[in-house]
Amino acid sequence: MNILFHIANGLVMPTAMYFAWNYYKFRGKEINFRQLWISTIILSFTTFVTVLQFVFPVIIEVLDRNRDALLSGEIWRLITPLFIQPMGIWQCLINGFFFISFVPIGEHLYGHSLLLIYFVTGIVGQMLNFYWETTPGGLSTSSGGSSTALFGVMGALFMYILFNRKIFPKGYILIPLSGFMGAVVLFFFEDGHAPSLLAGGLLGLILLRKNKHIDTSVNQIVN
């Protein structure tokens, strides 16, 4: 079963990174980073809170994912775990890399709806994590981290490719298919990132159908 878990992980992250790498390589100049206000605000606030946690470690206890505290009325714990990195520097570096890889592209493609994607999928992931912490099969996870929301952005990017599949190179269809397939498998392992990714895909589909957003120049990404 551990092999299946690692295979599922391999279906998600490498494919997402492949898409991000090619998007920055071939279309990166189209992204106006100075106008990515949502990305800038989220990154700035997350960085601020993360720095504070190293200066005042008690902040982690106040903001982390704590089921008993949530049930006692501390509703903010549905969202505050997204702003702390309780596993330390390496978690900061990894999530920072993921943020730079996916979030600017997400805002470039979805506009201000990125704010909705980031926090709705983050909350969905937190809620499932709160539940899975009470089940014997749940995987042990850190008590917080931005990756829960970042996987939601990944799911929205997967759906963008799937929704616009006719204007992408044929092989690109494998990116969202493998990503969503891996997430479904990880969901049954009660992995905390899987529900966020799947929620991101669903929310992305709703937004894309609502806006009928199809970029006819996407086929310039790679041949």
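Cβ coordinates are placed from backbone N, Cα and C, and glycine is handled just like the others.
Automatic, uncurated: that is what TrEMBL annotation is.
TrEMBL lists 73-208 with the feature domain 'Peptidase S54 rhomboid'.
Only residues 6 or more beyond the boundaries of the transmembrane segment (6-24), in the same chain, are considered here, and those with a CB under 8 A from a CB of the stretch are 101-102, 105, 154, 157-158, 161, 172, 174-175, 178-179, 181-183, 185-186, 189, 197, 221-222. The annotation transmembrane segment is assigned in TrEMBL to 6-24 (among others).
Beyond the ends of the transmembrane segment (36-63), by six or more residues, the same chain brings 76-77, 80-86, 92, 99, 103-104, 106-108, 112, 114-115, 118, 143-144, 146 to within a C-beta distance below 8 angstroms of the stretch. Taken from TrEMBL, the feature transmembrane segment applies to 36-63 (among others).
Residues annotated as transmembrane segment in TrEMBL: 83-103 (among others). With a cut-off of 8 Å between Cβ atoms, the residues of this chain six or more beyond the transmembrane segment (83-103) that come close are 16-17, 20, 39, 42-43, 45-46, 49-50, 53, 59-60, 63-64, 114, 118, 142-147, 150, 153-154, 157.
According to TrEMBL, the transmembrane segment annotation covers 115-132 (among others). Cβ atoms under 8 Å from those of the transmembrane segment (115-132) belong to residues 38, 42, 65, 67, 70, 77-79, 81-82, 103, 106, 138-139, 141, 148-149, 151-153, 155-156, 190, 192-193, 195-197, 199-200, 203-204, 207 of the same chain, restricted to positions at least 6 beyond its ends.
Residues or ranges marked as transmembrane segment in TrEMBL: 144-163 (among others).
Taken from TrEMBL, the feature transmembrane segment applies to 172-189 (among others).
The DSSP breakdown of the domain 'Peptidase S54 rhomboid' (73-208) into helical (H, G, I), extended (E, B) and coil residues amounts to 104 helix, 0 strand, 32 coil.
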